[in-house]
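Features of the protein shown, as given by TrEMBL:
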type	residues	note
TRANSMEM	16-37	transmembrane segment
TRANSMEM	57-80	transmembrane segment
DOMAIN	63-177	domain 'ABC3 transporter permease C-terminal'
TRANSMEM	109-131	transmembrane segment
TRANSMEM	151-170	transmembrane segment
TRANSMEM	202-223	transmembrane segment
TRANSMEM	243-268	transmembrane segment
TRANSMEM	289-306	transmembrane segment
TRANSMEM	333-354	transmembrane segment
DOMAIN	334-449	domain 'ABC3 transporter permease C-terminal'
TRANSMEM	375-401	transmembrane segment
TRANSMEM	421-441	transmembrane segment
Amino acid sequence: MFQLTTRSLARRPGGFLAGFLAVFFGAAMVMAFGSLLDTAAQPGAPESSVETLEVMAFVVGGWGLALVTFAVVSTMSLTVRQRAREMALLKSVGATPGQLRRLVVGETLALALVAAVAAIPVAMALGRLLFAALEESGQIEAGMSHAFGPVAVSMGMANALLAALVGALITARRATATHAAEALADASGAGGGGPLMGRGRWLMTLLALVATAASVTVTLTVLDGEGVDVITGAGPGVVAASVLLALLSPVLLRGLAAVLGGPLRLLCGVSGELAVRNVRQRTGELARAVAPVTIFTGASAGTLSLQRVENLQLRAEGAAILEDSQTMETMNYVVVGIIAAFCCIMLVNTLVSATAFRRREFGQQRLAGATPRQVFAAVGVEGLLVAGTGIVSGLLASVLLLLPFGQARADTWLPDDGVVWAIHGAVAGAALLVTLAACVGTARRVVRRSSAVDAVLAA
């Protein structure tokens, strides 16, 4: 199995690229925040600076850790599922479930280890940028030096390996429990009859629901009228609500496709019919693209909106309080920047990987009579459904925490400020553009690279 693992990694590096990038960027983000703990642990560090560094590392890094874990598990699951045909062929020639499980886990851990080690230089640079931002804003005392040590490396390595292992085990268990004929049918697009969400996903959904409900409750009760402290409850709640709706993305995507299926067929003709059928057959795969859209939209729009309401309230209360809230404001903007960048990378990574893998499917559609233009249009309609589901879910997550935050902080459920809603529109527009560009751009390259017959035979 060890030789098979190394040969598989060496012969098909492109097939593991999506998983590598997910672990690489995730480990870089986690290690960057972990380096703040290394910096705080230096001898002679001022107490006030230590507190700021620890808050940034634990609060922001903690939620970043959760997002990275979610993204890596999802991407690694997609990478393994795309090898259903290979797994089926191995089972048909006598490979046991245990051997397949060891193969998948071995490949995944080797890939995660290489990606995490490669991410160390990027993490060091990102950690220095975080430290410089804190120093320039006056939140830590001048004269301190940034440190990148064992805490950062251990956090990044542990998260990368654990998240990759969980993703591999979940998918390997599903692959080994499937008969070879069923796996071949699923790989060719004839499958898709399984449940939209497994028990593990429902359990994670329940945990995210509890975290979201707790955040809303604490914001409306414990933190009501507590000034700048209110945002400490609502801020993490936005991320929790975004993760909650991201976990529900298979159900939401299937529901949106059912509602809009008729209108799309009427408006888009053959392309609309292809898109609706593809969404129904590949809900699980497309839902993995909905998840980063949801988190990108919800976390970005929500955190920026909360900070906008906070700034308006601080201006009304006086500039003196504005100084005391500087740490929280910087932390929120750092959250938005890093989460938005990470989710955007994961969105493009997932969409490109999933779309490029459909080379055989596109070839079959063209052999059945669909023109390249109809294939591109169908992928574009799919992208609209994916983006629409993620954007609506993300905006809902944002508003879900914006309402209680406004009531607890400014005694109004709906903020009377156009900028708040303009933020939501701008984030939604960015998510839509990125999604469509990734989907249609990749499909165009895949279709134009080979003829329909070559695509079917090569796949």
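Heads up, the Cβ atoms here are built off N, Cα and C, so glycines get one too.
Note that the structure is a prediction, hence the values are computed from the model and not measured.
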If one takes Cβ-Cβ under 8 Å and requires six or more residues beyond its ends, the residues near the transmembrane segment (243-268) are 66-67, 70, 196-197, 201, 204-205, 208-209, 211-212, 275-276, 279-280, 283-284, 286-288, 290-292, 294-295, 298, 377, 381, 385-386, 388-390, 392-394, 396-397
Mean pLDDT across the domain 'ABC3 transporter permease C-terminal' (63-177) comes out at 80
In the same chain, residues at least 6 away from the ends of the transmembrane segment (289-306) whose Cβ sits under 8 Å of its Cβ atoms read 67, 70-71, 74, 231, 234-235, 238-239, 241-243, 245-247, 249, 252-253, 332, 335-336, 339-340, 343-344, 346-347, 350-351, 354, 386-387, 389-391, 393-398, 401-402, 405, 415, 420, 423-424, 427-428, 431, 435
Summed over the domain 'ABC3 transporter permease C-terminal' (63-177), the DSSP helix, strand and coil counts are 94 helix, 0 strand, 21 coil
